[in-house]
Amino acid sequence: MAGNKVETFLKSELKKKNALLFVLIDSEVSNLEASAKLAKDVEKIGASAILVGGSSATDQIEMAQVVKGIKKGIKIPIILFPGNVTGVVPDADAILFSSLMNSENPYFITQAQALGAPSVLKFGLEPLPTAYLVIGDGTTAWFVGSARGIPFEKPKIAAAYALAAQFLGMRFVYLEAGSGAKSSVTPEMVKTVRQLFNGFLIVGGGIKDVKTAQNLVKAGADALVIGTFLEKGGSLKKLEEITKAIQRSK
């Protein structure tokens with residue numbers, strides 16, 4: 001998918017479906033066969049994209065194999081979601097080219113991006129300019145990214161970052177409670193961010209049931225990211241229920 005095909009596809013899916021499901025496959029957790037099967041299964045139940053990545057330092061060769069293996073069996077886009085430069089691999093359609101805006105380490109704000117950018121160009125990946133905001137603390141994303149986690153009960157801080165991202169030209173904001181988070185981002189925070197940010201709003205972390213998913217979409221989320229739920233034995237049937245419910249929620 002060259003040019004801005006993936007971004008255009010996501011926007012047209014959003015018009016049709018009201019809200020989208022992105023399924024995150026962590027290449028460190030899933031083996032090649034399981035990843036390829038999961039990608040096919042979630043495409044069937046209505047997922048709009050597969051994210052491949054993870055917060056910890058990933059084996060680049062392993063990740064490239066996972067992407068290649070998934071690509072053969074699905075039509076929906078594969079979007080890289082790298083935790084570091086090692087997460088930039090060929091064969092995907094796009095990349096969440098993100099800055100961890102509330103990191104205390106400049107490496108995760110601009111340096112990793114400068115190191116990874118030539119590979120993004122070389123591999124022909126479509127960059128989706130994304131402000132990545134870690135909400136709360138105690139998760140892998142918070143620890144690895146040296147994030148100064150935005151407190152769950154301080155939605156205006158998240159909204160200020162999202163507005164800054166918009167002024168910097170970023171068209172995507174990702175509010176991340178973290179992989180396997182005990183609780184999800186609050187609907188109040190999503191609503192507050194939505195009032196100021198007019199781009200594509202992604203919310204992930206701790207989404208395990210229909211009600212949570214519906215409330216986040218009603219508050220203004222465009223896409224929900226679910227990953228650990230499936231790793232920890234969540235059923236595809238439950239995921240299908242969530243997918244159908246969010247498409248009726250706005």
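Every residue, even glycine, has its Cβ placed from backbone N, Cα and C.
Positions annotated as Mg(2+) binding site by Swiss-Prot, on the basis of sequence analysis: Asp26, Ser55.
Feature annotation from Swiss-Prot assigns sn-glycerol 1-phosphate binding site to Tyr174, Leu175, Glu176, Ala177, Gly178, Ser179, Gly180, Gly205, Gly206, Gly227, Thr228.
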Whole-number Å value for how far Asp26 (Mg(2+) binding site) lies from Gly206 (sn-glycerol 1-phosphate binding site) (Cα to Cα): 15
Rounded to the nearest Å - Cα separation of Asp26 (Mg(2+) binding site) and Gly178 (sn-glycerol 1-phosphate binding site): 13
Among Asp26, Glu176, the most crowded of the binding-site residues [Cβ within 10 Å]: Glu176
